[in-house]
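*Asks:* I am attaching a structure below and will ask some questions about it afterwards.
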Amino acid sequence: MWVCGALCRTRAPAQLGQRLLPESRRRRPASASFSASAEPSRVRALVYGHHGDPAKVVELKNLELAAVGGSHVHVKMLAAPINPSDINMIQGNYGLLPQLPAVGGNEGVGQVVAVGSGVTGVKPGDWVIPANPGLGTWRTEAVFGEEELITVPSDIPLQSAATLGVNPCTAYRMLVDFERLRPRDSIIQNASNSGVGQAVIQIAAARGLRTINVLRDTPDLQKLTDTLKNLGANHVVTEEELRKPEMKSFFKDVPQPRLALNCVGGKSSTELLRHLAPGGTMVTYGGMAKQPVIASVSQLIFKDLKLRGFWLSQWKKDHSPDQFKELILTLCDLIRRGQLTAPACSEVPLQDYLCALEASTQPFVSSKQILTM
């Protein structure tokens with residue numbers, strides 16, 4: 001997710017950087033390192049050595065694969081998406097930054113190839129996803145610690161598994177954790193065509209909630225509207241329509257939302273607040289407009305509106321690995337029942353990463369870029 005303003009940037013564990021040390025500098029075993037051999041390795045990865053424009057700093061490198069032993073797991077990556085948070089991390093504008101050089105990618109799905117003698121929770125053939133961000137999923141294969149992985153069922157679609165660990169988890173937690181919503185209650189959200197937005201629509205529909213979905217007025221507005229309604233959206237309005245006085249009559253027929261989900265900020269978040277029911281909550285999980293969230297004194301005093309933030313990485317820190325696994329299994333049940341699908345995706349071979357990076361940063365591109373290995 002895009003995050004604006006100065007953030008407190010914690011550093012990912014040191015072993016992330018150790019995985020990419022040149023052979024001459026390695027002092028202990030690591031999951032992978034830059035190949036010191038002139039012969040290309042069979043392990044390829046998208047690596048960045050400093051922060052900046054992803055198209056300029058990300059390179060396709062050959063890495064060495066460490067031996068599998070102890071609690072290590074050899075994973076062949078199958079697919080990994082490019083999320084806004086991945087772009088922010090490469091740019092250096094995120095709340096968690098791995099040590100450099102680093103492999104890009106925080107999300108994806110892989111298949112276990114081999115396990116060390118101390119591994120008890122996974123076996124060859126299992127599908128796995130990262131337990132936490134910063135693992136570096138834009139690579140063909142790697143050796144990870146068992147604790148860095150979570151198993152997922154292999155009977156769900158590959159694209160769903162590859163995009164399971166970030167956006168659907170964020171959507172579910174925001175719908176469940178901030179307001180006690182009952183069937184037929186309304187929520188309102190901006191950036192409705194984003195990965196989180198599409199997951200919100202589907203999970204809300206599965207829970208009997210109504211969604212009011214705000215979009216920018218784009219050239220393909222009708223196509224986006226049809227897509228969201230096919231996912232279960234009840235209402236789709238543009239940013240411009242939301243500002244019009246006619247919205248008062250709209251909310252005579254539709255209950256005012258008790259929950260607003262903001263990924264934009266600026267004027268867009270101001271409009272979400274304006275239409276919230278008294279006592280309602282706006283949860284901010286991104287800032288695509290790179291503008292502050294502004295609430296009036298009257299909204300806070302007379303409507304008692306609540307402003308909250310959500311970051312999945314912090315939620316994971318505050319909850320146990322078993323609770324995250326339970327969340328993943330809950331989402332997998334929705335996928336199996338046909339109530340949660342992956343966002344529209346474009347699969348791009350790893351070697352064509354520049355095309356994927358460019359598409360992922362272009363406006364009005366609603367298809368998520370997924371790197372295939």
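Cβ coordinates are placed from backbone N, Cα and C, and glycine is handled just like the others.
According to Swiss-Prot, the protein carries these features:
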type	residues	note
TRANSIT	1-53	transit peptide
MOD_RES	Lys61	N6-succinyllysine
MOD_RES	Lys61	N6-acetyllysine
ACT_SITE	Tyr94	active site, proton donor
BINDING	Asn167, 193-196, 216-218, 285-288, 310-312, Lys368	NADP(+) binding site
MOD_RES	Lys252	N6-succinyllysine
MOD_RES	Lys252	N6-acetyllysine
MOD_RES	Lys267	N6-succinyllysine
MOD_RES	Lys267	N6-acetyllysine
MOD_RES	Lys316	N6-succinyllysine
*Asks:* Using Cα coordinates, what distance in whole Å links Lys316 (N6-succinyllysine) and Tyr285 (NADP(+) binding site)?
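*Replies:* Computed Cα spacing between Lys316 (N6-succinyllysine) and Tyr285 (NADP(+) binding site) is 15 Å.
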*Asks:* Among Tyr94, Lys252, Lys267, these being the recorded positions, pick the one whose CA is nearest to that of Leu312 (NADP(+) binding site).
*Replies:* Tyr94
*Asks:* Look up Ser194 (NADP(+) binding site) in the DSSP assignment and report helix, strand or coil.
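*Replies:* For Ser194 (NADP(+) binding site) - judged by DSSP and reduced to three states - the answer is coil.
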*Asks:* Least buried of the binding-site residues Val196, Leu312, going by other Cβ atoms within 10 Å?
*Replies:* Leu312
*Asks:* Where does the residue listed as 'active site, proton donor' sit in the DSSP three-state scheme?
*Replies:* coil
*Asks:* Between the recorded positions Lys61, Ser194, Val196, Phe310, which lies closest to Tyr94 (active site, proton donor), Cα to Cα?
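*Replies:* If we rank Lys61, Ser194, Val196, Phe310 by Cα distance to Tyr94 (active site, proton donor), first place goes to Phe310.
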*Asks:* Of Tyr94, Tyr285, Phe310, which of the recorded positions has the most Cβ neighbours inside 10 Å?
*Replies:* Tyr94
*Asks:* Specify the nearest of the modified residues Lys61, Lys252, Lys267 to Asp217 (NADP(+) binding site), where nearness means the distance between Cα atoms.
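*Replies:* That would be Lys267, nearest by Cα distance.
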*Asks:* Within 10 Å of the Cβ of Lys267 (N6-succinyllysine), how many other Cβ atoms are there?
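*Replies:* That number is 14.
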*Asks:* Among the modified residues listed here (Lys61, Lys252), identify the one with the smallest other-Cβ count within 10 Å.
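*Replies:* Lowest Cβ count within 10 Å among the modified residues (Lys61, Lys252) is Lys252.
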